[in-house]
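Remarks on the structure that follows.
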Ligand SMILES: Nc1ncnc2c1ncn2[C@@H]1O[C@H](COP(=O)(O)OP(=O)(O)OP(=O)(O)O)[C@@H](O)[C@H]1O
């Protein structure tokens, strides 16, 4: 079932929101309504599809009962019955004028590529900033208006057969789509917002032919991303050739890139193809482009301009179709200023720049990466995967990782070999990492050391401690500090002094008895509640907690403003209509119209 905020005809653009997560539907509905959209929500894509079929292809309803077509559709990917990608493809076929925005909580390269491949207008990885979502919907609305204008000017008669075809899709299209397991075939690990932006860029760029310049510190994954761009492109069946400019002697680079004719120089005993020819139809990845000598830059510029070149010593032009992806850890603008890099080549390469975050900027991904590397290494060594204690993980997460993911990967190799037991303790970590951790921690241990309750865990990495953290030190991306420096060497020896282990999911917080309630004090009881609910098999914790949270804040805001709904709306940043509706639903207990 569906419901609209306002069924009367309106000039407000209509946005449909499809997600099986009721809490998210509510948030988006409120936010978009407050931003001037008319919102209709659906708990599954099939209901939305049915309504679209009833509505026909006009922007006007077919009958009095049918709904007007939306200007924009925002849909989740993973939903029962029909997934968002299939839905997006169907919209593209039958209602191409409606831009679709695809949201997903399982952001990886594949979902980004699949989204754009399905014809989606854009891709929104969860969690997202509501402002970003609004901006995206507004952009999609503009697109929708321009689509409508083009459509009207093109033809008065719609292609009915197209609609009929799309309305009766092949059985497998509408059949229950099995949820894809969250595999990561590209091997690119990361769930941080910074990496989600990278996935989105790959999704957008992989099917475009243009040159891409990837920047980022050494070891951030530039080659991995270049290869993903190739693997998801129409060139994937052709070669991906990677060449590191810094690794080839300068006097050999031209022959390496462009090949040479027999006798072109001493030692050129045969004619040899260069990398450009070998990469024909595919992708040539030029790593460390900042190290390319100036004369080679001139030749590269010519290839980029007209797609042809001469082998060293050759007289016949050779034409190739190669997509160039270049990468550098250097600042090319500075090299241009210093006269070491051609400005015109810089502009040619810099058409689209993809900047990769350092590992320090996405520390929240470190446990995932460690998990991934430890498993891969164990597999290759035919051993079982070693586990890491939270305190050791915390130290690894705090390390600056100047060598980025490559350094982390090498550390995982070191740990896999050097650790004698199955569990990696802080004392097992490489000395330089321990030293860095000790020297960065100048705060007295007594003020930092949390109270710890250990629980049993057998996962590779699972937080198995409960920390008591001052509100001002509330953890952001890092887990709460656990065993601090003096504890590094002590931890393993003192394990017998830890409190008696509790069942795996039971966590007993050690709460202060607050005189005044600190801002974040409610987080700990909320954590306890959520952990207990999950332990008892209740998995809809967000759906349960969200209305309670809203109700609580609404009641407080109303009490604060002597029940003045307008003022309460201002305090909460909601629109008046939202406050009225929330009041009816949450306080008066009127049933929420189901979606
Ligand atoms: N997000 C990631 N997920 C999994 N592995 C990664 C990730 N990023 C990098 N790696 C791994 O880290 C190592 C270094 O990556 P890569 O060679 O792509 O970095 P780079 O930026 O090209 O380095 P350099 O600038 O030194 O050439 C590789 O083994 C790669 O597989």
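Keep in mind that glycine also has a Cβ here, set from the backbone N, Cα and C atoms.
Lifted from TrEMBL, the feature list:
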type     : residues : note
COMPBIAS : 460-469  : compositional bias 'Polar residues'
DOMAIN   : 14-141   : domain 'Response regulatory'
DOMAIN   : 188-417  : domain 'Sigma-54 factor interaction'
MOD_RES  : 76       : 4-aspartylphosphate
REGION   : 438-503  : region 'Disordered'
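The Cβ neighbour count for residue 76 (4-aspartylphosphate), using a 10 Å radius and every protein chain shown, is 23. Residue counts for the domain 'Response regulatory' (14-141) under DSSP (helix as H, G, I; strand as E, B; rest coil) come to 56 helix, 24 strand, 48 coil. Confidence over the domain 'Response regulatory' (14-141), given as mean pLDDT on the 0 to 100 scale, stands at 87.
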